[in-house]
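Note sheet for the following structure.
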Amino acid sequence: MWTVQNRESLGLLSFPVMVAMVCCAHSSNEPSNMSYVKETVDRLLKGYDIRLRPDFGGPPVDVGMRIDVASIDMVSEVNMDYTLTMYFQQSWKDKRLSYSGIPLNLTLDNRVADQLWVPDTYFLNDKKSFVHGVTVKNRMIRLHPDGTVLYGLRITTTAACMMDLRRYPLDEQNCTLEIESYGYTTDDIEFYWNGGEGAVTGVNKIELPQFSIVDYKMVSKKVEFTTGAYPRLSLSFRLKRNIGYFILQTYMPSTLITILSWVSFWINYDASAARVALGITTVLTMTTISTHLRETLPKIPYVKAIDIYLMGCFVFVFLALLEYAFVNYIFFGKGPQKKGASKQDQSANEKNRLEMNKVQVDAHGNILLSTLEIRNETSGSEVLTGVSDPKATMYSYDSASIQYRKPLSSREGFGRGLDRHGVPGKGRIRRRASQLKVKIPDLTDVNSIDKWSRMFFPITFSLFNVVYWLYYVH
């Protein structure tokens, strides 16, 4: 029993030992050990001249490009640029770096890249770029046995993107990344997208706050300069702006403020303070929205789509304020002459009101009338020459002081006394009617202006919105 258990334990212990012995033997015979790799790398770098391109004097070097887009951090309309973070990989074949005896790829320290020839690639529309350096410089160099070199970088670049903002914010923009050789012409180097359509990855995973990436396109071409023809690769992003932010921040507030300005049509026309305050407030609010929007956009010479909408809202708000100015002009007077005449009438009325309380009595107790008072009590062609009833009680008054809202009882008694003695009262009634006709405006016209405005403004503003959105959306 013990012997069987001992043998089983021995067998279990001997298996790992045998595996370790096999592994050690294999490791000792493995050519890819540290010393052999070190010798291989030293041999490759010994006598290597980074000043000369691969196959110098022969055919051009084919450099393949691959891009893995990590993020598009910002798209700025003010600066006309966008910021892109990517993993940028270049690959080419350098026969001077081929090796044998090691069936493995050699991934070396990033500092080895400073000892090897690399393409003089640059971004044509670059404004500011940098290679990330945390915690070490984000570079990769990998050698293949056939001499293929893979060179990778993690780069953040801010590239120029010229935008057409005529349809802003209902626009689509094309932002490109131009990759070109700075010094080598097509006689020395050629660029191509390594992997065809799969050369660019990660685009579908990108999410932007104000844009959606509709499509992207890769282009390979040659450009001619005075110094020769140079290879160029272009990666173009088609960005469609999301309208949701602008509806909440610009379109909806502007629409509500325009509708708010129409409230004045339902306010009584003699409430000047309320209607003027409402009109001025809405005008200033629209001005503030327009000013804030201009600060977030470049100073461009053409009119944008959002400018047209804001100007339309501003016109409707301003016309609502002018509508009350027109109503006020009709209701309270037709020009400065009317205002001057009303002031003179007011001062004359005050003077005559004071004189109405004065009564002149002769020695017999009769009330006397002055020449002006006699003229005021007669019609155009009829002249009062005397008073038939010396006991009649008369008060001096002026026709200019007739108040149609608060008639004096003493004047009515005096009028009846004159009518009783044969002095006609129809002329006086006609004078009062003519004065009432001049002083009281036609309230029906004022009400009709507000009434028609309540229908005209909403209908025209709705038509403006229909035309605007149909034109710019489709």
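Glycine is no exception: its Cβ is also placed from the backbone N, Cα and C atoms.
Copied over from Swiss-Prot, here are the features:
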BINDING   Tyr122, Ser181, Tyr182, Thr227  histamine binding site
BINDING   Tyr182, Thr227  4-aminobutanoate binding site
DISULFID  Cys161-Cys175  disulfide bond
CARBOHYD  Asn33  N-linked glycosylation site
CARBOHYD  Asn105  N-linked glycosylation site
CARBOHYD  Asn174  N-linked glycosylation site
SIGNAL    1-25  signal peptide
TOPO_DOM  26-245  topological domain 'Extracellular'
TOPO_DOM  328-451  topological domain 'Cytoplasmic'
TRANSMEM  246-267  transmembrane segment
TRANSMEM  271-293  transmembrane segment
TRANSMEM  305-327  transmembrane segment
TRANSMEM  452-473  transmembrane segment
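Same-chain neighbours of the histamine site beyond Tyr122, Ser181, Tyr182, Thr227, judged by a C-beta within 8 angstroms of the site's C-beta center, are, in sequence order, Asp120, Glu180, Gly183, Tyr184, Tyr230. Here Tyr122 (histamine binding site) is positioned 17 angstrom away from Cys161 (disulfide bond), judged by their C-alpha atoms.
Residue annotation for histamine gives Tyr122, Ser181, Tyr182, Thr227. The furthest Cα pair among them is separated by 17 Å. Of all the recorded positions in the list Asn33, Asn105, Asn174, Cys175, the shortest Cα-Cα distance to Tyr122 (histamine binding site) is found for Cys175. The two recorded residues Asn105 (N-linked glycosylation site) and Ser181 (histamine binding site) have their Cα atoms spaced 27 Å from each other.
In this structure, the C-alpha atom of Tyr182 (histamine binding site) lies 40 angstrom from that of Asn33 (N-linked glycosylation site). Using CA atoms as reference points, the recorded positions Asn174, Cys175, Ser181, Thr227 were checked against Asn33 (N-linked glycosylation site), and the closest is Ser181. Within 10 Å of the C-beta of Asn105 (N-linked glycosylation site) there are 11 other C-beta atoms, taking all protein chains into account.
Taking each of the recorded positions Asn33, Asn174, Ser181 in turn and counting other Cβ atoms within 10 Å of its Cβ gives the largest count for Ser181. Geometry remark: Asn174 (N-linked glycosylation site) versus Ser181 (histamine binding site), CA distance 23 Å. Annotated pair Cys175 (disulfide bond) and Thr227 (histamine binding site), C-alpha to C-alpha distance, rounded: 27 Å.
Other Cβ atoms within 10 Å of the Cβ of Cys161 (disulfide bond), summed over all protein chains shown, number 21. Among the binding-site residues Tyr122, Tyr182, the residue whose Cβ has the fewest other Cβ atoms within 10 Å is Tyr182.
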